[in-house]
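The next block holds one structure in the form of structure tokens; read it before the comments.
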Amino acid sequence: MLNSAMSVVILAAGKGTRMYSDIPKVLHTLAGKPMVQHVIDAATKLGAAQVHLVYGHGGELLKQTLKDDKLNWVLQAEQLGTGHAMQQAAPFFSDDEDILMLYGDVPLISVETLQRLRDAKPQGGIGLLTVKLDDPSGYGRITRENGKVTGIVEHKDATDEQRQIQEINTGILIANGADMKRWLSKLTNNNAQGEYYITDIIALAYQEGREIAAVHPARISETDGVNNRLQLSRLERIYQAEQAEKLLLSGVMLRDPARFDLRGTLHCGMDVEIDANVIIEGYVTLGHRVKIGAGCIIKNSVIGDDCEISPYSVVEDAHLEAACTIGPFARLRPGAELLAGAHVGNFVEMKKARLGKGSKAGHLTYLGDAEIGDNVNIGAGTITCNYDGANKFKTVIGDDVFVGSDTQLVAPVTVGKGATIAAGTTVTRNVADNELVLSRVPQVHKQGWQRPVKKK
């Protein structure tokens, strides 16, 4: 039977010495966001009324990074065990709510598994998440009598017989708030570690005749913790393999699932193709029949139907309408917008710029703070000079303009519809509709000229 409310405690006070880092362990990232954020997200999706984050090492950096006003920050000044950590949070527990305990360094725990654990919690008892391992060395063992859970024995305190038990404690459990506070008040540190173990509440509950229901996760990897960078890298690959599998089964063609990283949320239309070594970050939407070439990075962008992004292009905070083509080696920075059928070629960079329908910037170009009309040709080497050393200014180019190669447009400047800018021109004044503009130095020919001779 479920209580009407539930709060979550996330233990995140450890320094993570084996990470060999000045950054708190739980802030190391998996799939582009801190491990602890994955756990917070799971708690939120589960419907937690309150999330208590128990912190210690690097608390200020934790607060600066997470920036979540809904978190209740609970300081554990001394790390005296998991039971001690829960004791710091206990004053915030309501008697009539359930308390779910999670860990900031166990990032793959799923909402589905936690919901099953919550559903399985007996009235007045404890829901406990356990797994069976071929090699349970180092983990707390689940002790049973006649099939019923009676307690948890930490590895260092276990007898040889108990160490043969393969069912181990994951550390994740749920109990009523009033019961949790009572059991926490009875904990002692009379053990090999001299710490207060949260696991001792299992024996206390059993002694009171309370039922302990053990639940297994859908995947063992959900309960894997991180103590070093090797373990973190392994969980990263597990997570990415799971995301790739979901995409493949939903109809997305990943040419090499083992070389695809999703570090955010991806929504795809029909018949999307993604080549090897592509990284998706933030919130990305790909329309129908979109093709992403090898080595591309797409972040917080919307890509319209039938667009093709050629290899090694970077697209960030950009919006592409239908049938646009990008790259290879193109860079769309925040604020870039391509209207239907526009083309951005190799070594072209756009920032806060709009390229109109059917317009093309094929090679070696910078378009910043610019508004470019429809059917415009931007020649190779064109630069919108948008910065005077203090302020940014805008360039406006009308429809059907032809901009020759090696042109500089010194903003603020406007080029009218149908104008032609000759190659090598520096445009410093507004250009009227249909004008031809050129600013070349007259070409000089010197007959009989000889190159200088190198001095010996």
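Every residue, even glycine, has its Cβ placed from backbone N, Cα and C.
Marked as active site, proton acceptor by Swiss-Prot: HIS363. Taken from Swiss-Prot, the feature UDP-N-acetyl-alpha-D-glucosamine binding site applies to 11-14, LYS25, GLN76, 81-82, 103-105, GLY140, GLU154, ASN169, ASN227, ARG333, LYS351, TYR366, ASN377. Look at Swiss-Prot and you will find ASP105, ASN227 tagged as Mg(2+) binding site, backed by sequence analysis. Swiss-Prot lists 230-250 with the feature region 'Linker', giving sequence analysis as the kind of evidence.
Known features from Swiss-Prot, placed on the structure.
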residue : record                                        : DSSP class
LEU11   : UDP-N-acetyl-alpha-D-glucosamine binding site : strand
GLY81   : UDP-N-acetyl-alpha-D-glucosamine binding site : coil
GLY104  : UDP-N-acetyl-alpha-D-glucosamine binding site : coil
GLU154  : UDP-N-acetyl-alpha-D-glucosamine binding site : coil
ASN227  : Mg(2+) binding site                           : coil
ARG333  : UDP-N-acetyl-alpha-D-glucosamine binding site : coil
HIS363  : active site, proton acceptor                  : strand
ASN377  : UDP-N-acetyl-alpha-D-glucosamine binding site : strand
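Note on the region 'Linker' (230-250): mean pLDDT across this stretch is 98. Put plainly, the binding-site residues ASN227, ASN377 were compared by Cβ crowding within 10 Å, and the winner is ASN377. In this view, GLY104 (UDP-N-acetyl-alpha-D-glucosamine binding site) is surrounded by 28 other Cβ atoms within 10 Å of its Cβ, with every protein chain counted. Taking the C-alpha positions, the distance from the residue listed as 'active site, proton acceptor' to ASN377 (UDP-N-acetyl-alpha-D-glucosamine binding site) comes to 11 Å. Looking at ASN377 (UDP-N-acetyl-alpha-D-glucosamine binding site) and ASP105 (Mg(2+) binding site), their Cα atoms lie 53 Å from each other. Here the binding-site residues are ASP105, GLU154, and the one ringed by the most other CB atoms within 10 angstroms is ASP105. Between the CA atoms of GLU154 (UDP-N-acetyl-alpha-D-glucosamine binding site) and ASN227 (Mg(2+) binding site) there is a gap of 18 Å, rounded to the nearest whole number.
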